[in-house]
Every structure is written in structure tokens, then in C-alpha cells.
Amino acid sequence: MRKWTITSALLLLILLSIVPDQGRKNQANAEESESDNLVDPPKIEDKLGAVPHGLSTDSDVVKRESESMSRKTLRKSAEKFEFQAEVSRLMDIIINSLYSNKDIFLRELISNASDALDKIRFLALTDKEILGEGDDTKLEILLKLDKEKKILSIRDRGIGMTKEDLIKNLGTIAKSGTSAFVEKMQTSGDLNLIGQFGVGFYSVYLVADYVEVISKHNDDKQYVWESKADGAFAISEDEWNEPLGRGTEIRLHLREEAGEYLEEDKLKDLVKKYSEFINFPISIWSTKEVDVEVPADEDDSEDESPEKSSTEDEEVEEDGEKKPKTKTVKETTSEWEVLNDVKAIWLRSPKEVTDEEYSKFYHSLAKDFSEDKPMSWSHFTAEGDVEFKAVLFVPPKAPHDLYESYYNANKSNLKLYVRRVFISDEFDDLLPKYLNFLMGLVDSDTLPLNVSREMLQQHNSLKTIKKKLIRKALDMIRRIAEEDPDESSEKDNTDAEKSNDNDEKKGQYTKFWNEFGKSIKLGIIEDAANRGRLAKLLRFESSKSDGKLVSLDQYIKRMKTGQKDIFYITGTSKEQLEKSPFLERLTKKNYEVIFFTDPVDEYLMQYLMDYEDHKFQNVSKEGLKIGKDSKDKELKDSFKDLTKWWKDALVTENVDSVKLSNRLADSPCVVVTSKFGWSANMERIMQSQTLSDASKQAYMRGKRVLEINPRHPIIKELQERVAKDPEDASVKQTARLMYQTALMESGFMLSDPKDFASSIYSSVRSSLNISPDASVEEEDDVEETEVETETKSETKDNEGKVDVEDDSESAYKDEL
């Protein structure tokens, strides 16, 4: 039994080995029989050189190419190969899920073409003969469309690929031929694959169902690589297409749904968006209709109508002879049109770039067609662990919706390039939101990217780039202030007046602050690491600025001897704050007070606690210290009874305490809040919020303290009356009215405006000696009845008129 089992197994193995061989022989015989019936394929003429412009051909080559391009099937005489397993998985991922934006296929192919041109240019540095002669010396990228056959061709005169290169680069994944590579890519791992030809190339199958790669290397013959992304590819010696001389041409046989890529305008837009700053010229074979004047035939002129013949040009010369008649006809012309004429100025030294070039580059980058120049720019190169070049611009004006969509907008004005290829402008990792008004770009050769180049990974290099960009951006803004004569000191102003070179920069920082000042304030709130640098950029008006903007450094220089705190006040307008009772004594003692009138200032001062060892003090809150403030203890004791009585009289008003004030000069009293609670202005802002909840805001409201001026005559009189009769109702009413008035003057909103108004009217009634029992006269009902009667009669008259009009209209219709 055991012998029979062994014998059966041997027979089965022999049968299995014979069947595939027989199948391959049958297939080979079939191919040979088919090839015998075919005429010998045409050969490329040995003496046929590279045709000018690369993609243009003579009639014979056009015929052969036409036969080649129209087949969309693998050549039977080609050598067949199977894709590496990882490549098949890679193409499946790309076609179905990886690339969310099909437009990037052109970016990938142009990037690969640029790499090939870079390689041949590098080799030519040591061997000039490697470039060849004639058109081969032109390092360029050419695009051409064939709308009838739905073919898009991309041609470069780069280093080209040998047969072995085609197999290795397009059949396997360069340097990463493992399944782990694909698994990392599926999970968006950290992949540094930029510039490796075999990766981005497969994005062609997003738009094409059949691809030909024709390539010629100096060390090999010209070959054709072709595939339908079905798990196999074929390579054959090229006997159909024009000789390339050197380089690579990729032909995409576009899918039905990819017809938009057969439009010149679409390709031009893609090149402008993604590849505008490639080092080599990118040209497209552009077809246009132009008006051409041709001689008009006599027969044509006779047949034409008088109107049409009148449009023909017929001029009389000075000697009386007539010029021949001409007519204008439409002619179709084709020529190479260069698409990337804007130079990548960031690759040059800043000393070599003129102001006009920076301005032109800014307008191209920002798509700004006005004549306004950018306020400033910074052009620098960063070296170290991550090397990159960058150019940053401060726009002349802020977009109208800069702050309306501040926390919702994902798009940044900073573009990321890698080897001059546009990658993305939708990320938050290179510049913080408060600097999103800046325009510019970053170009790095070492930045790690994922395979699709659409998502930046969380990498330490990004943090390094971000720190350097922020520092350079803040230095650029600071430089605007330093170069502005209006921002300089008096000594600097004297020197500036001697020179007229700074006229253009005069008032530039004020202009910047009016446009983007809110962004600096938001930066102080959001960026704790750079809070000190941003604070130096703050500008504001003050009680001594005479309408000009001043900085914190200028404020500190003008501080009085012994002054430790920086005084400020918040409100709705400068005019309102100048009249505030909180400033009375500070103004008399010649202290400077900063005016903050922007709603965001309230949030700003919650984060900006001090500056240069000086703390900020809100003069509308308790705890204000003015110089060496020596309070007379006897004065406090003398008003102790009044303050206690007043607090009891305001028991329903939620007043925390009543104190003597050190900030009042002319006003009798004022209401202040606790040091860490909301100010009156902040309460107003929070109550104005659309979705505010009063019950949840109660705990943030500061305790209210009534401060009285012991030197004011009203307070002195009130003290005397309270001493005489603490239970006097009129005195209590006066004290309550004074508190409500002070509350309103201090910027608070009254909880019961009707009660306040009634108190005012009662006071007016008393001052006019009107009896409290005097009532308002009632309206006479008779007069109202007469008015109603008149109204009814008018209505009847109007109705009568309408009836007459209706009758006349019906009579007119009857006549008709």
C-alpha cells in the first residue's frame, strides 16, 4: 500500500510539470503564427535625429506613433513582467483611496521630470559632452495634448532610463520593497519618499487606464514601458516612436471621467498652482485662433454684401494709388507657451534681489493685482537640523474677513514647497493663527512628508521650522516700527529729518497697527512663549499721547519717579474714558493712563500681567496706589459712621462695602469692582454676547465697592444730615440715588432703570417745589370722540370716492 502511494504521488508531479509547459508552448506557437502574418514592424531610421521641440514629428514618425498610441494594448513582441507584490498593493491603494485630489498627478510627473533634469545637469558639471548637441542641450519640460485620442504627454530632456532602470523604478518600489512599506503608507506613517521616481509616478492611474513611458538613456537604446495597472507591465525596444535623443516621455491615455485634463486652461492652472517655481521652463503646446489679413479675391468681393465689403481695408496713398483690398480671417496657430515665468527669488541671495522684484513676487504669490507694495518682507535661510529657505510678506491691507472666520478658517497664507514643488497651504503647524495674515512660502529639501504629500506628519522638524518662522516674523514686524520715523525718539527724529529716504516709511507702523493690531493682541493671549516679544509691538493711545500711538517702552520712559505700576482703563471710546471719574486724581497728579477701547483688550489684560518688572493696574478696580498715598487715620474714623450707614442703606443693591476714595478729585462718589472680578466694561461685553447666560456669569461679576470723596461738599452735607437723623427717608433716598448715578457713570448697567428714573423725577419735583400729591391731568374723552367722528366721516368720503371710480371704470368697460 505504501509503494502504491509513493508511485501515485510521482505520477501526479510529472503530470503537473507537463501541463504548464504544454500551455506555454501553445501560447508561444500562437504568438509565432500571429507574428508570421504581420508585416515586419517599421524600424527607427538610424540617421533620424531628435526633432526640434521634442514632441513635434515628421509625417512618417507621426504615422508610426499614431499606430502605437491608438492600440491601448500591450505590444505582443514586448517582454512581459509581473509587478512586485507591494507595487500591486500600492497601485490599488492609490487608485481607490490614497490620493483624495486627482490634480496632483501632474505635480508628481513634473516633479519627477525636474529630478531627472537636475541629475543630468549635475553630471554635466564634470562632463559637458553628456548633454549632447542641438535640442538635447535644452533642459526643459514639455506638455502636449491630443484631444482626439485623449492623450496627455509629458516630456523632459533629463537623464532618461535604461531598460534596467525601467524595470527597477517602475516595477518595484525604490529602496522600500517590503510589505511593511505599504502598511506604513496605509497608516500615513513617516515616509521620506520625495524625489524617488517610482512612488509618485503611480498617481497617473488616477486619471489614466493605460500608460506608456518612452525613455532614452545615453548608455542604452530607447525603450517603451507600458502597463494597464492590471498587475503586469511590458518593456520593448522602441521601434514606433520618434527618437528622443535623451530623456523621458510619459503618455497618459486618459479615462472617460478625466476629460477635464484635455483642456489647456486646466493644465495651465495646475502648473501655476503646483509647479510655478520649478527651476526648469515648463511649456505647453498651445493652440490659438488669431486674426490674419489676407488679400481679398475679386470674386469674393463681388459676392459679398455691401455691409461686409465696407469693412474691408481700402486706403488711398499720397500718389493716388489704391492699396489692394484685404480681409480678416481666423487662422489657428500653435506654439510653445512657457507657463512658469516667475522666478524663485528665495533661492537667490537677499542682496541680489531688488525691492521691485520682491514686490512683483508678492503680487504673484498673493494674486494681488493692486499697485500697493507690501509693508515689509523677510528673506532668510535657516540651517541646522532642518534646512529651509523662506520669504515672508506683510500685506498692505488686511482681508475684510480676517477676524470673522479667525477660529474656523483652515487655510493659511503660507505655502509649503519641497524642491520648488507646491505641497500644501492647509495646515496649522508652521504659523500660529494670530500670524495668518502673513503671506509667504517655505521651501525645504529635507522635510519629511507622507507619500501623497497632502498631509504633514507630526515631526520634530515642523516644530523647529515653526519657532524660526515666528521669530523671523516678529523681527520683521519690529523692523517696521524701528524704520518708522514717527516711532523713533526725539534724537532719532532729528537725524531722520536730515534724510528724505525715510519718507516712504513714515507712519508705516501706525498703518500696520490699524490693519493688524488685533492679531498682535490675540498673539499675546494665545502664545505664552512669545508674550514678551509681542508686548513690545503693542500700541495704544493714552492720556498724554495727543492722539498718537505709543508703546509700553515709551510709557515706561515717561513714568513718574516712584511709580511702580502701569495704569490703564478700559471702555468703549477714548472720549468717554477721558471724562471718566477714575482718572480725576491721576490726571491732577500728572500720571499717564493707557486707554484700551477694543473689546479684545479686556481678554488681553487677563494674560498680560506685567511688563519689564512693572505690573498693570486697572484704575477702575480696587487696590489702586498713587505714589506715597498717606491716608489720614482721623479722616477715616470721622467718616466711619457715614460709610456704615450708607452700606446699610444700600443693602438691596448688593454693595460689598463703602470706602473713602483716593482716586476722586471732583466727583462725589464712584463704583469700583474687586481686583480679580470683571470690570464694568467686561460685564457689558459679556452681557452683549448672543448666547450669554446671566445665571452662569454671576460668579464672575466683581464685588461692587462704593468709594466716596471725603472732600466733596455733597458728601460733607450728607455726613451732617446722617449725624442729625440717620432715619431720614429723604436722606436715604438721596444716598441711594447717588449710588445709582455713580454706578451708571462708572460704566455699569442699571438693573432697574425705571426705579432710577422715578427717583430722578422725584428729585426734580422736589427741587421745583411741586407737591408730592400733584397728579397728571386726565385726557378729555369728548375730544377723543370728536376725533373718532371726524375719522369715520373721512373714511366714508374715501369709500364714496372709490365707489365713483369703480362705477366710472365699469361704464368704460361697458362702452368697449
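Just so it is clear, glycine is given a Cβ too, placed from its N, Cα and C backbone atoms.
Residues or ranges marked as signal peptide by TrEMBL: 1-23.
What TrEMBL lists as region 'Disordered' is 26-61 (among others).
Marked as domain 'Histidine kinase/HSP90-like ATPase' by TrEMBL: 101-258. Looking at the domain 'Histidine kinase/HSP90-like ATPase' (101-258) alone, the prediction's average pLDDT is 80.
Annotated ATP binding site per TrEMBL: GLU108, ASN112, ASP156, MET161, ASN169, 175-177, 196-201, THR248, ARG453, in sequence order. Close to GLU108 (ATP binding site) in the fold, though at least 6 residues off in sequence, lie GLY200, PHE201, SER203, VAL204, each with a CB less than 8 Å from its CB.
Here TrEMBL flags 293-331 (among others) as region 'Disordered'.
The feature compositional bias 'Basic and acidic residues' is assigned by TrEMBL to 320-331 (among others).
According to TrEMBL, the feature region 'Disordered' maps to 481-505 (among others).
Marked as region 'Disordered' by TrEMBL: 766-816 (among others).
The compositional bias 'Basic and acidic residues' annotation in TrEMBL covers 789-803 (among others).
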Fewest other C-beta atoms within 10 angstroms, as judged across ASN169, THR248, which are the binding-site residues:
ASN169
Tertiary neighbours of ASP156 (ATP binding site) (same chain, Cβ under 8 Å, six or more apart):
ALA113, SER114, ALA116, LEU117, GLU140, ILE141, LEU142, GLY247, THR248, GLU249
Take the Cβ of GLY200 (ATP binding site) and count every other Cβ within 10 Å, whichever protein chain it belongs to.
25
